[in-house]
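Colleague: Straight from TrEMBL, here's the annotation block:
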REGION    20-40  region 'Disordered'
COMPBIAS  29-39  compositional bias 'Basic residues'
REGION    149-169  region 'Disordered'
DOMAIN    245-359  domain 'Fe2OG dioxygenase'
BINDING   HIS263, ASP265, HIS319  Fe cation binding site
Amino acid sequence: MYAETEPGAAAERTAFRRAEKQYKLYKPPSRKGRSKSRSRSLSLPSLSAILSAVVDFHALLAAGKGELPAGIRRCDRAGFHLPVFCFLDRPGFYFIPGALSTEEQCYWIRESLKTFPQPPNRTNLTATYGPISDLLIAAKNQKILVEVESSSGKPRDEQNNVGENAHPGKFKFVDDSEIQKEERPKSTMAAALVRKLRWSTLGLQFDWSKRNYDVSLPHSKIPDDLATLAKKMAVPAMPSGEEFTAEAAIVNYYGPSDMLGGHVDDMEADWTKPIVSISLGCKCIFLLGGKTRDEAPTPMFLRSGDIVLMAGEARERFHGVPRIFTEGDQQDISGLVSELSDDDDRFILDYIHNSRININIRQVY
């Protein structure tokens, strides 16, 4: 699924890595490193100059039927009623700007936080805490996760305090008033766990350690409404006369300074079927490169509601997300802010102000 990281010195020399560094959001320097950072920033181009090279398909769509930049064309398909763009030198890649309405975006944001992390789906938290049910509800209600039984099956107060558990024990959500004094250092706010979400897997479960799908793991089928959406949106990239069948999905959760390094998606059996990738929340920069990291990638903006399709030759191309935009550029999610204004959505609204969610749906076989 994700390509292995290049050795340090070699990585710095590739065109893809240089582009990642150019667009990456650097954290504010510490006081000790501030003078060094200031001198370095003087030699860097301004952010506006850097972003001027980023392809903006929303701006191209708003410009109407005028002349498109070199190398970009419309790839509209009969029977598919949304605008589609593609690159002449990137066959198999399709960009559908504004594919989802604001209401649809909010629905899938809620599902990504409430339903998709539910067992038997696995998340990056599963290895530490085991299956966690109703995480979003617990976060809304300011619950706290505590361990009530160790991996040995003994209550915490019957354990010998020697070493750490090799495997997670049993955990439950409780109110703050229920926590014993000795438990508090090892407790975790549910809201903090939501912020720690980085991925969840739907349908057939992907084994990150083995880089393949493990059919032996418990799983539920892809939700019908998500499968229907993917089938509908996959049309521009599908071979004539065939229909997309959603069998697995990976949901990525990005915090303010998170990035996704350059990788290829190559674990599915049939590359003629596209990956259907849905963007939600904060805007990001997406890099689409070549079949090696030595080829300079094309940067483009991905906004909430955009959908990208990658099929055929595009499946062999390195791609990644070096940056999301969370501060001073919130006009892109103003519609979401209005739609998520109810009290019940307050936690989700606070989350999506500085987060991005990506749902990528796959046909495995």
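Just so you know, glycine gets a Cβ as well, placed from its N, Cα and C.
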Colleague: How many of the residues that make up the domain 'Fe2OG dioxygenase' (245-359) does DSSP mark as helix, as strand and as coil?
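Modeller: Looking at the domain 'Fe2OG dioxygenase' (245-359) with DSSP, the answer is 25 helix, 42 strand, 48 coil.
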Colleague: Would you please pick out, from the binding-site residues HIS263, HIS319, the one with the fewest other Cβ atoms within 10 Å of its Cβ?
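Modeller: Ranked by other Cβ atoms within 10 Å, the binding-site residues HIS263, HIS319 bottom out at HIS263.
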Colleague: Taking all residues of the domain 'Fe2OG dioxygenase' (245-359) together, what is their mean pLDDT?
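Modeller: Overall, the domain 'Fe2OG dioxygenase' (245-359) comes to a mean pLDDT of 93.
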